[in-house]
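Novice: Below is the structure I would like to discuss, written out as structure tokens.
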Amino acid sequence: MNRLALYCRQGFEKECAAEITAKAAELEVFGFARVKDNSGYVLFECYQPDDADRLAKEIPFRELIFARQILVVGELLRDLPPEDRVSPIVGMLIGVVDRGGELRVEVPDTNESKELLKFCRKLTVPLRTAMREQKVLMARENKTRPVVHVFFIAPGCCYVGYSFSNNNSPFYMGIPRLKFPSDAPSRSTLKLEEAFHVFIPADEWDERLASGMHAVDLGACPGGWTYQLVQRSMMVHAVDNGPMAPSLMDTGQVTHHRADGFRYEPSSSKIYWLVCDMVEKPAKVTSLMIQWLVKGWCREAIFNLKLPMKKRYEEVSQNLLAIKEALDTAGISSEIHAKQLYHDREEVTVHVRRMWSAVAGRRDERD
């Protein structure tokens, strides 16, 4: 098995391919990407044996922007016999995966694959049973062991492989299953909820998404992102010239500032979170976020960058580099991650966390 399969949003295959090619080259691993437009996945074939396994271990999954999942796979299994689809799949894994912890039978996230998904659900139980008999899977699920993937791209055609549980998406098909809250002002609320799941470790939520924190939402109207902050009992400064949902204002947790998000400056020194989902050029939003972070107006920020039609990977990379260089120049240590979330469209979501100041006398923690 010497290739990677990467799941991605339909229509973003070229960006996913450019990214994995660049990341592999950084590790001096070379190969070529196979891209089929609107397929929802990318294949990266390595030139040297065992390089795919190395990449799946050594490229930090959380640093991949456009990939929803990364796994090692072998040759495409074609024309699986209808009378016995299980045996060829299991046979390909014997000697490759020993006592995997979980089985996921998946498809690309496309409209064309929806019918195929129903078949995958039916196949999962007999596959799991056969894999346990052959010791490909453990008798019980184990979250610390490799995950076995069977990835159907068409009826009777699938890739078979594995991912590492400490360097993959924990979600089936790489998609967190979130339910839209009926009282939320807009569906955009799911973007921020997903961002919390992707960027903030679950065991740090009580500390970093704590009740009583102060937050600012730039371009807040009608309040989809503010809703998530209010649900976590934060005090929110919502900045927008447009109206906010009355249900949010009635909580007493929201202060509405009728102002331009690009001109607003906080009067409070207690702001921990900054969130922003404004429809504007990526460079302009990036410049605004740099201002907030360098001036210490917030400790963590989550914001969206709307993408152009062309050179989207390059655009994102340039803006992330601009943030890093600005913070480095200011002597501020930081963590910077970006992801095209399931609930994103022509955009990516960025998370920046100020860690500490490298300059003597500069304060990072706000009073």
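One is the number of the first residue shown, and numbering goes on along the chain from there.
Even glycines carry a Cβ here, placed using N, Cα and C.
Owing to the predicted nature of the structure, the values given are computational and were not obtained by experimental measurement.
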Novice: Among Ser182, Ser188, Ser317, which residue does Swiss-Prot name as a further S-adenosyl-L-methionine binder in the site formed by Cys221, Pro222, Gly223, Gly224, Asp240, Asp260, Asp277?
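Specialist: Within the candidate list, Swiss-Prot flags Ser188.
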Novice: So what sits near Pro222 (S-adenosyl-L-methionine binding site) in its own chain, CB-to-CB under 8 Å and at least six residues off in sequence?
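Specialist: Same-chain residues close to Pro222 (S-adenosyl-L-methionine binding site) (Cβ under 8 Å, separated by 6 or more) are Pro185, Ser186, Gly242, Pro243, Met244, Ala245.
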Novice: Measure from the CA atom of Lys306 (active site, proton acceptor) to the CA atom of Asp277 (S-adenosyl-L-methionine binding site) and give the result in Å, rounded to a whole number.
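Specialist: That separation, Cα to Cα, works out to 9 Å.
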Novice: Fill in the CA-CA distance, Lys306 (active site, proton acceptor) to Asp260 (S-adenosyl-L-methionine binding site), as an integer in Å.
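Specialist: Cα-Cα, rounded: 18 Å.
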Novice: Starting from the Cβ of Asp240 (S-adenosyl-L-methionine binding site), draw a 10 Å sphere and report how many other Cβ atoms land inside it.
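Specialist: For Asp240 (S-adenosyl-L-methionine binding site), the 10 Å Cβ neighbour count is 22.
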Novice: Looking only at Ser188, Asp260, Asp277, the binding-site residues on record, which one has the least crowded Cβ, with the fewest other Cβ atoms within 10 Å?
Specialist: Asp260
Novice: Please report the number of other Cβ atoms within 10 Å of the Cβ of Gly224 (S-adenosyl-L-methionine binding site).
Specialist: 23
